[in-house]
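Database features (Swiss-Prot):
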type     : residues : note
TRANSMEM : 16-36    : transmembrane segment
TRANSMEM : 73-93    : transmembrane segment
TRANSMEM : 97-117   : transmembrane segment
TRANSMEM : 134-154  : transmembrane segment
TRANSMEM : 168-188  : transmembrane segment
TRANSMEM : 199-219  : transmembrane segment
TRANSMEM : 236-256  : transmembrane segment
TRANSMEM : 263-283  : transmembrane segment
TRANSMEM : 288-308  : transmembrane segment
TRANSMEM : 338-358  : transmembrane segment
Amino acid sequence: MLLLLAEYLQQFYKGFAVFQYLTLRGILGVLTALVLSLCYGPWMIRTLQNRQIGQSVRNDGPQSHLSKSGTPTMGGALILSSIGVSTLLWADLSNRYVWVVLLVTLLFGAIGWVDDYRKVIEKNSRGLPSRWKYFWQSVFGLGAAIFLYMTASTPVETTLILPMLKDYSIPLGAGFIVLTYFVIVGSSNAVNLTDGLDGLAIMPTVMVGGGLGIFCYLSGNVKFAEYLLIPYVPGAGELIVFCGALIGAGLGFLWFNTYPAQVFMGDVGALALGAALGTIAVIVRQEIVLFIMGGVFVMETLSVVIQVASFKLTGRRVFRMAPIHHHFELKGWPEPRVIVRFWIITVILVLIGLATLKLR
């Protein structure tokens, strides 16, 4: 929005041309979303408290979590609104990728909002039934996949890129739709499963979002893409503004979500942020890199799959409780230790993901 204004004002003062630079608008995206989150966070927390929109805590979980009962939830709305405003202000609104990622984020956020609303407001412990949750995730995920497939302008946009193998890639054809569906829906649910401790999900999301933002910038620049032997995706660079907004909004939310949390993001935030990461990774053709950088999300998801499969097949549980962060809590780890160690793991994995830029 402001980019259009800057383009108009250039005829009066050439200095406004500085807003054409992606790096500047990415930084402004971070700062705008951060300021919005910090400024409106206290108001949102008070509003949620006044309306008694608080978290319910399971009795069979770690006993330390009982003190969290009643903590305001659905704070993910603060993240999404900050991301949305910042992106609309600083991104090029004629870029189709910006709209795809923004719409996917908001639509998955809507699914999470309905789920949270039923749990917290209607006091329905089941929330949105799983079949309906997955149905709408599938509808929106497939919709995004089909759109990206139909609007692909080059073959590389539907090709699976294998990091560290510069001369080998897999043309997917229509299989791109299937892969994209699983990446978007899978990452959405993976972040949601991780969101079980104060700050556990949001900081890895910020880190992975920052890593993907670097890939967006490089993939959208033909010279950098050719030099680094990564796919050149025209227009993908504009997503650095969205990634910047995600980082700013996430850090602003973490200010209130850090242990002991004043607010939880709820499904409205977790489902949306996971879907955003998946969609960005698909656009820049870095699904495997997302798998690496988001290793904490993958680990949390696998722990649930293993736990359920083991119990159904043998009647025994592999972990004391799943997702795996609860397993460590029940082993006696203090919550902050679990959180920070998972953050450290994410830092390492993001660096490994970025290292694939040169290991080709």
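Each residue, glycine too, has its Cβ placed from N, Cα and C.
Keep in mind the model is a prediction, meaning the values are calculated, not measured.
Proximity of the transmembrane segment (16-36) to the transmembrane segment (338-358) is not established, fewer than 3 Cβ-Cβ distances being under 8 Å for residue pairs spaced 6 or more apart. Contact between the transmembrane segment (168-188) and the transmembrane segment (288-308) is present: at least three CB pairs lie under 8 Å, with pairs separated by 6 or more positions in sequence. Between the transmembrane segment (288-308) and the stretches 73-93, 97-117, 134-154, 338-358, the greatest number of Cβ pairs separated by less than 8 Å involves 338-358. If you look at the transmembrane segment (73-93) against the transmembrane segment (338-358), you find fewer than three C-beta pairs under 8 angstroms, all six or more positions apart, and that falls short of contact. Among residues of the same chain six or more beyond the transmembrane segment (338-358), those with a C-beta under 8 A of the stretch's C-beta atoms are 163-164, 197-200, 203-204, 207-208, 210-211, 214-215, 218, 228, 230, 259, 289-290, 292-296, 325, 328-329. For the transmembrane segment (236-256), the partner stretch with the most Cβ pairs below 8 Å, chosen from 97-117, 199-219, 263-283, is 199-219.
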